[in-house]
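Taken from Swiss-Prot, the feature topological domain 'Cytoplasmic' covers 1-89. Residues or ranges marked as compositional bias 'Acidic residues' in Swiss-Prot: 1-10. The compositional bias 'Low complexity' annotation in Swiss-Prot covers 20-34. Here Swiss-Prot flags 111-914 as topological domain 'Vacuolar', drawing on sequence analysis. Annotated N-linked glycosylation site per Swiss-Prot: N347, N638, N806, in sequence order. Residues or ranges marked as active site, charge relay system in Swiss-Prot (evidence: sequence analysis): S752, D829, H862.
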Amino acid sequence: MGKSEADEDAQFLPMNRPRSSSAASQTSSDSGLSVESALIRNSTYGKTPDEAYNPAGDPRYRDIEDGEAESDQPFLPSRKGSGARARRVFWGLLLLCLAGWVLAFVLFLIQGRSGYSATSEELQQHEADSSAGVTSDGKPVTLKQVLSGDWLPRSHGIAWIAGPDGEDGLLVEAGEDGGEGFLRVKDIRARHGDDAGTLKSRVLMKKSTFYAGQRSILTRLTWPSPDLKKVLVLSDYEKNWRHSYTGLYWIFDVDSQTAEPLDPDVPEGRVQLASWSPNSDAVVFVRDNNMFLRKLSSDKVVPITKDGGKDLFYGVPDWVYEEEVLSGNSATWWSNDAKYVAFLRTNESTVPEYPVQYFLSRPSGKKPLPGLEDYPDVRQIKYPKAGAPNPVVNLQFYNVEKNEVFSVEVPDDFADDDRIIIEVLWAAESNVLVRATNRESDVLKIFLIDTESRTGKMVRLEDIVGLDGGWVEPSQSTRFIPADPAAGRPNDGYIDTVIHDGYDHLAYFTPLDNPEPIMLTTGEWEVVEAPTAVDLRRGLVYFVATKEAPTQRHVYQVQLDGSNLKPLTDTSKPGYYHVSFSDGTAYALLSYQGPSIPWQAIINTEGDDVVFEETIEENPELARMVETYAIPSKVFSNITIDGFTLQMVERRPPHFNPHKKYPVLFFLYGGPGSQTVDRKFTIDFQSYVASNLGYIVVTLDGRGTGFIGREARCIIRGNLGYYEAHDQITAAKMFAEKSYVDESRMAIWGWSYGGFMTLKTLEQDAGQTFQYGMAVAPVTDWRFYDSIYTERYMHTPQHNPSGYDNSSITDMAALEENVRFLVMHGASDDNVHLQNTLTLIDKLDLSNVQNYDVHFYPDSDHSIFFHNAHYMVYERLSNWLVNAFNGEWHRIAAPVPDNSMWQRFKRALPVFVH
């Protein structure tokens, strides 16, 4: 359940915190040097193709009388009429008025008006946003805008690339056909007129379409070779799982602007992965789970493996490794000298299958037999649930010159059924560092393998369970540091993230087999997916960290001896930055992501001070929208629960009035190591709820979440949901006591892990604080989720049966104490299986619990997108929430006949007078 910070509105979707991609295979088809990446990142993120989406006008806050035609003028009796007639007219008018009043009152009840009403006047107001520093009056944010990506900042991705002779500051740009060419390499200095010493611009591909023989090819993704003479091109793209895909691959020649199939003998063979050798003379690729080598000097493809298939994967991860370990589609790593290829061999033969049904589409690609067209398509996924057999994964090597596959037995290795390989890193020419954990991810071993002598040894052991009772998060950010005696580095080494005094910090290990590090960072703060880059010439390590506050991200540098730590970004005010360095670290793309309007700039880091070379994005259109629309204000604060300081943000409606009573919606994710409260500029569904519906929206990152230290993070281990729900309830009770909060209208919602947390909070609270909840794609029993993720935080069910019982949603009587709750799920969710929601419904049925609504989305996976589902799920969330806070679910829970108006009035009266 990989959670990426770059996902569209996707803080709702996955379950684990974001992990960086490995730098060890930058020229593979898992890298970022792709046409699609560049094109998408040079436009507005997340723009959906469904421009026809046009929700009907929202009547929720329309006063009844505002929509009615004016009544006729009152009847004026003739003076010639008698007194009796006048009396009849008088009583008739009186009865007519009374009937009109009764009708208006009935309509008032039917409309479900509550004691709180956000009027159109109020929605035009706006107060200063404490996070963005802007003030505006304007229109409310609309749901259509949020879902269409209108509020997402415009962002440019730069694909840095090293020059053929090590030149720094080169980038790959992709654009439209014509002009400067479709795919081109530019020296960053040439972008602003400084041509001194630059390569200037060279065109790699003039057009996005080209011919291979008689066939016209439309480019989808590209990967230039390291020498920039060839381009690996992907066409006919087909998505597989979250990160993986297949397609047809072509080798495009830059000089002739012509192309040939990657495998001339099998041009239509769908390839899962392709990766350039470091010296540009060969491509290793995976097809049908087997590995092949294509040397450019030959038209023939050499098979590396032959027994790959349904249960045996070579060079690519299976479902669970792709989702929970590598966060990508590659399990292949070239050595720096191109003599060897390291790759994973994954044996799934003992892993049970889970069937995912599709009722409207056929993603398997199999054409049904005649007469069987009305049966659903079924994909059988090898999916290891908690406690079930895991795939057996081994590291193997291919000697390119000898055409030989071999493996290396290493002393002290984990047993086959207890091994998870989380990172492979080439160190110098023949040495490989391998980071592996046990099945429960609480023992870490680092192995050093010499592929020349075919020997290996364990060089580091970390007993995490003995250290703090926690776990190891998989990451691929370890950085090799080659020896350079002239620069004061007599031996090879590497930089890794380690636990130091309860926080994640950078450590430098040298030589490679030395288990005692030089600490580069220390303190009560944490590094984030570090290091970002290393300047080997000057001995500088660049990284992003939370040094100023858990909700912020700033860029820092430190010497390899741990001295002279200083920021590169302005730490005098809150900020959230991302940085991407050029290959030689002399240049970087600095992305300011909030709290004010995001911007991007190219910076030069060669000198003692950062120099801004060029601003490439300032988001002027977004700035204009902020001035036009009523943006909710954000109030950031800390809350201390059981001695732990936790981060919280309150989104207040425009023109917030502390003398009014507001409903409150809690939004949470809450997964281990995740973060939802941050200082990024964000206009999302929560912003819509505050701006348009006029509710307060609160988010608390409780215990278990990231960047607040290991003690607060690891306390949840073995008992997911307990402390997290306790923290949400405690915060909600605090809000219920505020003078401007309507404690009778409090709701909570979340997606994925947040869906689980919604149900767990409602279960633990039993209607004492929250009255409503909305859970999307929730886990309801951790025995149903995948083994690698679940056992990292819960141990195995065999080891911790009581913990699994406690973490499951089992107390139906407690759920019945809530006024009402909503559960929604994609019917074809390959991640959090529909089994979770169906099992919960069965428990509710057995307990005769009926105070819930449920909705399923056919053929939708975990993100719920199929056939307009993404719009529908948020529309349903919005409408359901309005009905909840307008008291509609109270009326549904206690219906009366229409002629019992007095009883209905008495029952509804408390809602209106509150």
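Counting begins at 1 with the first residue displayed.
Even glycines carry a Cβ here, placed using N, Cα and C.
In the structure shown, across all protein chains, S752 is the one of the recorded positions N638, S752 with the greatest number of other Cβ atoms within 10 Å. Mean pLDDT of the predicted structure over the topological domain 'Cytoplasmic' (1-89): 35. Of N638, S752, N806, H862, all annotated as recorded positions, the residue with the shortest Cα distance to N347 (N-linked glycosylation site) is H862.
Ranked by Cα separation from N806 (N-linked glycosylation site), the active-site residues S752, D829, H862 are led by S752.
Note: the CA-CA distance between S752 (active site, charge relay system) and N638 (N-linked glycosylation site) rounds to 25 Å. In this structure the C-alpha atoms belonging to N638 (N-linked glycosylation site) and H862 (active site, charge relay system) are separated by 32 Å. The separation of H862 (active site, charge relay system) from D829 (active site, charge relay system), Cα to Cα, is 5 Å. Counting Cβ atoms from all protein chains shown, H862 (active site, charge relay system) has 23 others lying within 10 Å of its own Cβ.
Here the Cβ of N806 (N-linked glycosylation site) has 16 other Cβ atoms within 10 Å, regardless of which shown protein chain they belong to. Secondary structure at N638 (N-linked glycosylation site), as computed by DSSP, is strand.
Neighbour density at the Cβ, taken as the number of other Cβ atoms within 10 Å, is lowest among the recorded positions N347, D829 for N347.
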